[in-house]
Structures are given as structure tokens and as C-alpha cells.
Amino acid sequence: MFIETLNLSHFRNFSEVALSPSPKINIITGDNGSGKTSLLEAIYLLGFGRSFRPGGFRQLIKEGNSGFTVFCRSQDYAIGVRRSTDGEQSLRLNGANVQRMSDVARLVPVQLLTPESVDILLEGPGQRRQFIDWGVFHVEHSFYSDWVAYTQLLKQRNSLLKQRSLPVREDRYWKEQLAYYGERISKSREKYLEELNDYIQELAKSFLSDVTMEVRLKSGWDTSQSLFDALESHTEKDKKYGFTSVGAHKADIKVIADGVEVKHRLSRGQLKTAITALKLAQGKHYQKIKRQPCIYLVDDLTSELDSKNQALLCRELENLDAQVFITAITGKQLSDKFQKSPRMFHVEHGVINE
């Protein structure tokens with residue numbers, strides 16, 4: 001998908017914005033705090049239904065207004081997202097109302113690189129599950145319905161566990177259902193990582209020339225037994241603490257460099273390079289399966305990678321023939337790293353000029 005036009009209304013510090021980006025490389029310049037990252041944030045919203053920055057949706061609404069609208073048009077789709085101060089959300093696809101954000105998100109495959117992306121490798125498992133599940137969601141159609149069913153079952157069982165009102169026979173039903181969907185989710189993740197690792201190893205050779213890298217799945221339970229048996233063996237613990245302690249919701253991935261977890265093997269600078277390779281690997285895998293590129297959002301590239309890896313990333317992005325949005329203080333920092341001249345935009349006081 002390529003965004004042909006992007007319109008923002010009362011989003012962050014923008015009143016009204018209409019943008020016609022290049023289908024290739026776009027560089028957005030401006031001082032810190034000018035709003036250039038907010039432009040990336042609006043595109044991200046179309047692919048995820050939320051911001052990648054801290055805070056709730058009300059912070060996205062320009063002060064003094066009742067809501068914001070983000071609208072984009074591509075060759076095949078017209079997509080609009082509106083959120084109001086009362087929490088109401090409105091989604092539009094080709095002029096019709098849609099109920100589920102997943103129906104919109106599936107059409108807008110967005111890959112994001114920010115200074116905080118390295119936290120995927122350093123922080124808790126939640127961000128790593130989001131990383132892998134983005135990929136599975138976009139290439140395995142049944143994954144979303146499996147995940148919705150699993151999370152609903154998990155919520156119901158946890159509620160009963162907290163209330164201390166879960167008879168043995170009824171609990172068996174919840175565990176059987178959780179095991180069924182949880183193992184389907186885990187198999188989808190395993191298949192995805194098996195395919196993704198080929199791309200990771202290729203890109204690691206380019207970005208980390210002396211490092212061999214791969215990603216391994218930790219399913220969320222001891223896989224020497226079935227998930228049902230694992231749930232059975234943790235029943236007393238679950239009743240004691242009031243939540244389900246094993247399952248697909250406890251999964252994690254281990255990113256390994258030369259046989260050691262990356263956070264114990266690589267320097268801070270190398271970790272930034274490693275997450276860049278992982279994100280590009282996801283994008284390349286998506287492009288191979290879906291036969292169309294992702295949209296890449298890169299915030300503050302020059303502060304994250306050294307000059308050599310900046311040039312390498314820019315070359316990789318250009319070779320993908322993808323639509324790319326990159327923020328920088330000045331265009332001179334990046335424009336010479338692309339073979340073809342990128343389209344330049346400048347943000348100042350909530351106004352974008354080409």
C-alpha cells in the first residue's frame with residue numbers, strides 16, 4: 001500500500017493538514033517539538049489504532065477541539081479514523097462504516113523505527129510478543145480470530161479464578177478451550193519465526209558483519225507436555241493467585257547473537273542496529289508473502305545509527321521499493337544517502353510545507 005494523500009484534522013498540534021507524499025522516500029524536517037513525529041504518529045494510528053507514544057487518545061486531540069480525524073487515500077482504499085473526547089471511535093473504509101480496527105489495520109502494514117525501538121530487546125516480554133504477533137497477524141489470516149477467542153476465554157477463566165468460584169468440571173472446559181486456541185497460536189508463531197529467521201540471518205550479516213543472529217520462541221509453557229497438561233499441573237497455583245499462569249499469553253521470544261541473548265552480547269549501539277535488522281526482516285518477509293511492501297516510519301534516524309549503518313538502512317529501504325517517511329532536523333543529514341532525490345517536507349508551527 002502507498003499513501004497517495006494524507007489528511008489530518010485537529011491532530012496533536014495540527015489544525016488542518018493535507019499532504020501528498022511520494023510513493024518512495026519522504027523526509028520530514030523541523031525543529032524538535034515542531035510536530036514532525038506527530039506526522040509519523042498519524043500514519044501509525046491507521047495501522048495500529050493507537051499511538052506509539054505514551055498517553056491516551058485524548059492527548060492526540062488538538063486543544064480546544066472535540067476530536068481528531070486521520071484520513072488517507074491509496075489506489076485501492078480510502079480509510080478514515082476519528083476519535084472524540086467522549087471516547088467514541090469512528091472507522092470508515094471506502095465510505096462505509098466498519099466496526100473492527102483489525103479490518104483497517106490489515107490494510108495498512110506499518111513498520112516503525114524510533115529511538116525507543118531498542119526496548120523490544122531490553123524490556124519485558126510484552127513488547128516482544130507484540131513484535132512477533134504483528135507479523136503473524138499480517139500473514140496468517142486465522143491468527144486474529146484465534147487470538148480473540150483465546151483472550152476472551154482467558155479473561156473469563158481469570159475472572160472466575162479471582163472470584164474463587166470455579167468448579168473442577170467447569171474449569172476443565174476452560175482449560176480445554178484455552179489449550180485448543182493457545183496451541184494454534186503457538187504453532188502460528190513457530191511457523192512465522194521459522195520463516196523470519198532466514199531474513200534475520202541475511203540482514204544480520206549486512207548490519208552486524210561478525211554476528212550470527214536468530215530468534216527463538218518460548219511458548220509460555222513447558223512444551224515437553226501439552227498446554228492442557230500444563231494448565232492442569234498449574235491449577236492449584238492459578239487458584240491461589242487468581243490468574244492463569246501458563247499459556248500463549250505468557251510467550252516470549254529470545255533474540256540470540258552468537259548463541260547468547262543479544263542484551264548480554266551486544267553493545268548499546270549494536271542493539272540499535274540489531275532491532276533495525278529485525279524490523280527490516282519483518283518487512284521483507286511481509287513483502288515476499290503479500291507481494292506488496294510495508295510503509296516504513298523512521299523517527300530521528302541520525303541519532304540512532306552511525307553514518308555507515310544510516311547509509312546501509314537507507315539503501316535497504318530504497319531497494320525495497322517501499323514508501324518511507326523519515327524525520328530529521330535538516331534534510332542535509334539524509335538526502336545524500338539515497339540514489340534518487342527524496343521528497344522533502346518541512347514542519348513549523350503546525351504547518352507542513354513541501
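Backbone N, Cα and C atoms are what each Cβ position is placed from, and that goes for glycine too.
Since this is a predicted model, take the numbers as computed values, not measurements.
Feature list (source: Swiss-Prot):
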BINDING   G30, D31, N32, G33, S34, G35, K36, T37  ATP binding site
**Q.** binding-site residues compared (N32, T37) - highest count of Cβ atoms within 10 Å
**A.** T37
Q) Which one of these binding-site residues, G30, D31, S34, K36, has the sparsest Cβ neighbourhood, judged by other Cβ atoms within 10 angstroms? A) D31
Q: Note the Cβ centroid of G30, D31, N32, G33, S34, G35, K36, T37, the recorded ATP site, then list each other residue of that chain whose Cβ lies within 8 Å of it, in sequence.
A: S38, T327, V347
Q) How many neighbouring Cβ atoms, not counting its own, are there within 10 Å of the Cβ of G33 (ATP binding site)? A) 10
Q.
Validating a neighbour-count step here. Other CB atoms within 10 A of the CB of G35 (ATP binding site): how many?
A. 23
